[in-house]
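Down below is the structure, laid out as structure tokens.
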Amino acid sequence: MRAHEAGILHADGYGAAPQWLPTPQDVNELLPQLWPANVERNTDGVLAVSGLPVTDIARDFGTAAYVLDEDDFRSRARAFRDDFTAPFDAVAGADVYYAGKAFLCSAVARWVMDEGLNLDTCSGGELAVAQRVGFPGERIALHGNNKSVAELRQALSYGVGRIVVDSFAEIDRVAEVAAELGVVAPVMVRVTVGVEAHTHEFIATAHEDQKFGFSLAGGQARAAIDAIVAKGDRLRLLGLHSHIGSQIFDVSGFEIAARRLVALHTEVADVHGIAMPEMDLGGGYGIAYTSEHSPLTPGELGTQMAALVDRELKELRDGHPDAPLPRISIEPGRAIAGPSAFTLYEIGTVKDVEVAHDAIRSYVSVDGGMSDNVRTALYGADYSCTLAGRTSTAGPRLVRVVGRHCESGDIVVMDEYLPADIVPGDLIAVPGTGAYCRSLSNQYNHTPRPPVIAVRDGVARVIVRRETIDDLLALDVDEPAPLQEVR
Ligand SMILES: *Cc1c(COP(=O)(O)O)cnc(C)c1O
């Protein structure tokens, strides 16, 4: 018997499961923290979203497809709006900006607007989506380390509530565009605080070798503030901004960031006599991609973040007892969009590859891959998956789920147990693909990108349609070469 048929792989490192991945007792089980709230197996064993079976979704819309549980997205947005911000009422209040770069389309912009969140954009394109649905300008932020003059003009004409400036050249540019339009530009200063967070760890450094922001340690952040103040009435200085990383599971990095921002905030009050009304601590709250991750809820995060902000604000309170405290804002993207969607694929081939003596790896190829989820190839991200169109009584088989692209790094799920009897035609679902999958998607190998199907109350609706070969060819403007006369 080959090793995988027993569900056990004995191998010298090859073909073995990573330590964090236990052999499942029941290979059909769904871990609740990985799936949108309304996803479960129906009585036929088929994965269903608020009652709608994925087999219907595959039949009606094809695969690969992103399937988004609308109520799950909305309730995560609400949990940030209510549960996260409530503990800040005792400080100076807090606002939530959904980071649109995680995933944005018109429907999502509307949900964010309906649920009373603000919106974080980082390009003229994202801003155009917001404008298309009439998202109120004052509730929009614009980020970016190289915003064009056209984007600044677009943002200021629309009346965005904050532009997060990122360079000295940009301070001049924003002031010029504001003058041209006869408006006052509300600005925040992106500060590189010297904290970089990665999942469970953060590192505090004096300098950060990266493209974003003004360095705190190098004195640039202070100089940026002086430059903004020197622009007089054209720029309105709202406050300081920092974003320390992504997929973060504990708040210690935010505490250091807040401490350093408060110190600069206090210095600005001392030197310029300005009490900046805002302070932004960015996004980065982690989600569960596999059983190894256990994120905090928005309520738990809010409680911990409000407590640490309150502690760190002591310096400001002591130095300026009469100054109003800044209102805090945060910018979660992944933590709202990520868990609310999964990608539905159809298996095309199952291939056993001998990777070492008596060690086999089962490669399961699906009808998508690095064009719809580049995170595994780009960051070595871990994902999980499950057999979606049925349950199975077969034992677990360790597999690697790969895409259909011409790259051997085209991996969707590095290691997972699926039932040993999977066959071509089976559907599988990869959870946690709501953030940074569609938004980072590409048409590698001239592969049209999958649609985004939103499901609510058991009803499916296309919110981003599937790309077609005609869409791809439409961009290709080369004229056919005139026929050569053959002599
Ligand atoms: C990417 C980004 C976010 C969102 O990060 P998540 O990890 O998705 O929460 C927020 N703010 C800024 C400035 C960002 O660049």
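In case you wondered, yes, glycine gets a Cβ from its N, Cα and C as well.
Whatever TrEMBL says is automated annotation, not expert-curated.
Residues or ranges marked as domain 'Orn/DAP/Arg decarboxylase 2 N-terminal' by TrEMBL: 82-337. In the predicted model, the domain 'Orn/DAP/Arg decarboxylase 2 N-terminal' (82-337) shows an average pLDDT of 95.
Positions annotated as N6-(pyridoxal phosphate)lysine by TrEMBL: LYS101. In sequence order, ASP120, THR121, CYS122, GLU126, GLY333, TYR436, SER439 are the residues near LYS101 (N6-(pyridoxal phosphate)lysine), counting only same-chain partners six or more apart with C-beta under 8 A.
Feature annotation from TrEMBL assigns pyridoxal 5'-phosphate binding site to GLY284, GLU331, PRO332, GLY333, ARG334, TYR436. Taking a C-beta cut-off of under 8 Å and a sequence gap of six or more, GLU331 (pyridoxal 5'-phosphate binding site) has these contacts in its own chain: VAL96, TYR97, TYR98, ALA99, ASP120, ALA141, HIS243, ASP280, GLY282, GLY283.
What TrEMBL records for ARG334, ARG375, TYR379, GLU407, TYR436 is substrate binding site. There are 19 other CB atoms within 10 A of the CB of ARG375 (substrate binding site), with all protein chains counted. In three-state terms derived from DSSP, ARG375 (substrate binding site) belongs to a helical segment.
For 341-434, the entry in TrEMBL reads domain 'Orn/DAP/Arg decarboxylase 2 C-terminal'. In terms of DSSP secondary structure, the domain 'Orn/DAP/Arg decarboxylase 2 C-terminal' (341-434) contains 5 helix, 47 strand, 42 coil.
Here TrEMBL flags CYS406 as active site, proton donor. Other C-beta atoms found within 10 angstroms of the C-beta of CYS406 (active site, proton donor) number 9, with every protein chain shown included.
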Running a distance check here. Ligand 1 versus the binding-site residues GLU331, ARG375, TYR379: which have CB less than 6 Å from one of its atoms?
GLU331
10 Å Cβ neighbour count around GLY284 (pyridoxal 5'-phosphate binding site)?
23
Does PRO332 (pyridoxal 5'-phosphate binding site) have same-chain partners at least 6 apart in sequence with Cβ under 8 Å from its own Cβ, and which are they?
PHE80, VAL96, TYR98, ALA99, GLY283, GLY284, TYR285
For the binding-site residues listed here (TYR379, TYR436), which one has the lowest count of neighbouring CB atoms within 10 Å of its own CB?
TYR379
Cα-Cα distance linking CYS406 (active site, proton donor) and TYR379 (substrate binding site), given in Å to the nearest integer:
19
